[in-house]
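Asks: Below, the features straight out of TrEMBL:
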type	residues	note
TRANSMEM	31-50	transmembrane segment
DOMAIN	47-425	domain 'Cation/H+ exchanger transmembrane'
TRANSMEM	62-78	transmembrane segment
TRANSMEM	98-115	transmembrane segment
TRANSMEM	127-149	transmembrane segment
TRANSMEM	161-183	transmembrane segment
TRANSMEM	195-217	transmembrane segment
TRANSMEM	229-253	transmembrane segment
TRANSMEM	265-296	transmembrane segment
TRANSMEM	316-332	transmembrane segment
TRANSMEM	344-365	transmembrane segment
TRANSMEM	377-396	transmembrane segment
TRANSMEM	408-430	transmembrane segment
DOMAIN	485-624	domain 'Cation/H(+) antiporter central'
DOMAIN	626-782	domain 'Cation/H(+) antiporter C-terminal'
Amino acid sequence: MASNATVGQKCPSPMKATSNGLFQGDNPLDYALPLAIVQICLVVVLTRGLAFLLRPIRQPRVIAEIIGGILLGPSVLGRSKSYLQAIFPPKSLTVLDTLANIGLIFFLFLAGLEIDLKALRRTGKTALGIAVAGIGLPFALGIGSSFLLKATISKGVNASAFLVFMGVALSITAFPVLARILAELKLLTTDVGRIAMSAAAVNDVAAWILLALAVALSGSNSSPAASLWVFLSGCVFVICLSFIVPPIFKWMAYRCHEGEPVEEIYICATLAAVLAAGFVTDAIGIHAMFGAFVVGVVFPKEGPFAGALVEKVEDLVSGLFLPLYFVSSGLKTNIATIQGLQSWGLLALVIFTACFGKIVGTVVVSLSCKVPAREAFALGFLMNTKGLVELIVLNIGRDRKVLNDQTFAIMVLMALFTTFITTPVVMAVYKPARSRKVDYKHRTIERKNPDTQLRILTCFHSSRNIPSMINLLEASRGVGKREGFSVYALHLMELSERSSAILMVHKARKNGLPFWNKGRHSDSDHIVVAFEAFQQLSQVTVRSMTSISSMADMHEDICTTAERKRAAIIILPFHKHQRMDGSFETTRTDFRWVNQRVLEHAPCSIGILVDRGLGGTTHVSASNVSLSMTVLFFGGCDDREALAYGARMAEHPGISLNVIRFVVEPETIGEIARIDMQENSGLKSMSLDEEFLSKFKQKISNDDSVRYEEKAVRNATETFAAIREASRCNLVLVGRMPDGELALALMRRSECPELGPVGCLLISPDFSATASVLVVQQYHGRVSLNLASDMEEESPDKDSESS
């Protein structure tokens, strides 16, 4: 009978790695490697497709990955036995789980890198209180609900382990998922975002400690002594790692210099150490991921070494391996096991218990700390966010036979529901964007009293933009107006799908955008040093800030910041940079669309800087400034704004200004461009121009550093020649949309609508100019741009040629 039983339970034969191919009669899906490739591709396509579909309702990608895993499992597609046997046969699951867990190990190493222990020590009382309440009450309610589950659908499980697993599962807050939701909702820089991120970081660390306890209690050996040895060995491992690992990795980090590639041996040694730590914790009896997480937590965050590790590991792990973990979880989730009124009632109970514990605990503590009611409720729902850590807890519980199929399915649906409702509920409860518009007077540089305070918001994407921006700011400060000149430097960072994009979001200012993470000597640290040096040398008030948002929303951050800081002008870098041969190369097309949207929605004037090395590659000190600048004046509000800016620059002792006003010779008026113009608006603009120029000429009458001339031209060709002659300087200032017949003639040659006709002419390849160009648009209280139609009229061929 024994032999018959053995034959009846015959295990499937192990899969060979590779096939001989279809032409030799082999089915690739019967072999491990091609089957794993099909599984990975299927998972990636499905989860990315779902993420794309869920993006309009602002759901985090983890929702798409959980749903994708459930769809591929026995709940939906897995109802077809032929599908399961072909794509996810039982003999392939060992390979699938191994790949998924390797991805999980490295992902949790990256998650550990995000945890800043120094920041945790500085957690405020409110955030700490919310974290404790957000763990304590749900944990207690989880233990309470576990008694009911154990009496109904979870009979015969390890009682102590089941209690702890249920408590941990209900008390978790997913730190990375929460950060992404806050960023999507533009809440990172608010009080709510700051408190939520700090509380979630504390909650994250506490969850791992509780999970380690749960794993120690859930061993197959029912002896309490064995569980105690597992837990004590884990504690000894963490203590030893805390003393051994940091000095070694600090030595490696010290030998890695900024701007130089990190040596391969250091990367390999670190990744091997992560795997070795995973092996040790697995041998102890705790999951291998704990070792990797601890290595990430104690890893030194200073220097370029940590950044290089993240850059090399993250995309492969998050993009390919980690989605396999969600599929591995989905294959274990069978919603069909939730049958009958009792099971669905228990699902409702678990969801209610999870939400009640988190929300009520958070709201009560928040209100006791005098947090406004709306913000308190928003915090409650934000802290109720679940994610990958929740699935890890549930999968470990199921693998250790602590959770059965029905309980596992109930808990997965609970995690999915609580995370799904977070974004819409928070949007309904708390919308800081509803705040009223800031009303301020000086939204332009052109003003009746030029001695009033000038506030500039300068934006940049990388360190490449910094030297010219600082030299432009040095020129802009004028003379004798140091107290009346303020600069806000806004670093534009894209919030990508990478978790590393949120490494610094928990360091948010209470009254503005996130400030620099000065503990990390990265690219942004050099930028901070550059602006701090400029502030000390020029005695100008400079405040550095960072905007972390998606490309689609980046213009909102720029416009909102400009309005909050009452800026008179926003300086944006052009979306192309200059090559060594002088031609322009597109940095990134998305930046062009950001500039377009800012031009349409800005609450003040705007300048787009086309950089050709203004003042060189370093900051020029005030005593060494020697720049020549030219303003090309055709007429109109944008040209007046450009001239007002140039006049301020001319106050600097090291700057000479040449102003050229283009006029049409009387006998050729009407021949340059036969285009109908509104007579009244044209006359009004001309009168404003004459009044402005009259005051300007009166002001510079005794100033030798400013030269004014009027250039009479008869046609467009003469205009081009005059512009070419005038552009032999360091910086040319032009209005974006000049008025007059001359400007309309130039308009026909415009290829970049954001630069206008003159700006576009100055950067064209056949113009051979070497001066940087600042294209200025004056704020006039209403949007009258036709950028969208201009952009559509451009052909892709033209754009690629000009790049």
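Yeah, the Cβs are placed from backbone N, Cα and C, and that goes for glycine too.
Mind running through what each feature is packed against?
Replies: Beyond the transmembrane segment (31-50), the same-chain residues lying 6 or more positions past its ends with a Cβ under 8 Å from any Cβ of the stretch are 15-19, 61, 64-65, 67-68, 71-72, 87-89, 92, 95-96, 99, 319-320, 323-324, 326-327.
Long-range Cβ contacts of the transmembrane segment (161-183) within its own chain (Cβ-Cβ under 8 Å, at least 6 residues beyond either end) map to 58, 60-62, 111, 114, 134-136, 138-143, 145-146, 149-150, 154, 192-193, 196-197, 199-201, 203-204, 207, 210-211, 213-214, 217-218, 350, 353-354, 357-358, 382-390, 393-394, 397, 400, 402-403, 411, 419, 422-423, 426, 495, 499, 502, 505-506, 548-549.
With a threshold of 8 Å between CB atoms, the same-chain residues lying at least 6 positions outside the transmembrane segment (229-253) that come near it are 212-213, 215-216, 219, 266, 269-270, 273, 277, 280-281, 284-286, 290-291, 294-295, 298-300, 302-306.
Counting only same-chain residues 6+ beyond the ends of the transmembrane segment (265-296), those with a CB under 8 A from a CB of the stretch are 101, 104-106, 108-115, 208, 212, 215-216, 219, 226, 230, 233-234, 237-238, 241, 245, 249, 252, 255-256, 305, 308-309, 312-313, 392, 396.
Distant neighbours of the transmembrane segment (316-332): 39-40, 43-44, 47, 65-66, 68-75, 78, 88, 93, 96-97, 99-104, 106-107, 110, 388, 391, 394-395, 398, 405, 408, 412, 497-499; these residues of the same chain sit at least 6 beyond its ends, with a Cβ under 8 Å from one of its Cβ atoms.
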Asks: Determine which residues of the chain contact the transmembrane segment (62-78) at the Cβ level, with the cut-off under 8 Å and only residues 6 or more beyond its ends counted.
Replies: 42-43, 46-48, 50-51, 53-54, 84, 87-88, 174, 177, 322-323, 326-336, 387-388, 391, 409, 412, 415-416, 419-420
Asks: Which sequence positions outside the transmembrane segment (377-396), separated from its termini by at least 6 residues, show Cβ-Cβ distances below 8 Å to it?
Replies: 60, 62, 66, 104, 107, 130, 134, 165, 168-169, 172-174, 176-178, 181-182, 187, 192, 195-196, 199-200, 203-204, 207, 211, 214-215, 218, 287, 289, 322, 325-326, 328-329, 332, 354-355, 358-363, 366, 371, 403, 408, 411-412, 414-416, 418-419, 421-422, 425-426, 429-430
Asks: Can you tell me which of 98-115, 195-217, 408-430 gets the most C-beta pairs within less than 8 Å of the transmembrane segment (127-149)?
Replies: 195-217
Asks: On the 0 to 100 scale, where does the mean pLDDT of the domain 'Cation/H(+) antiporter central' (485-624) fall?
Replies: 72
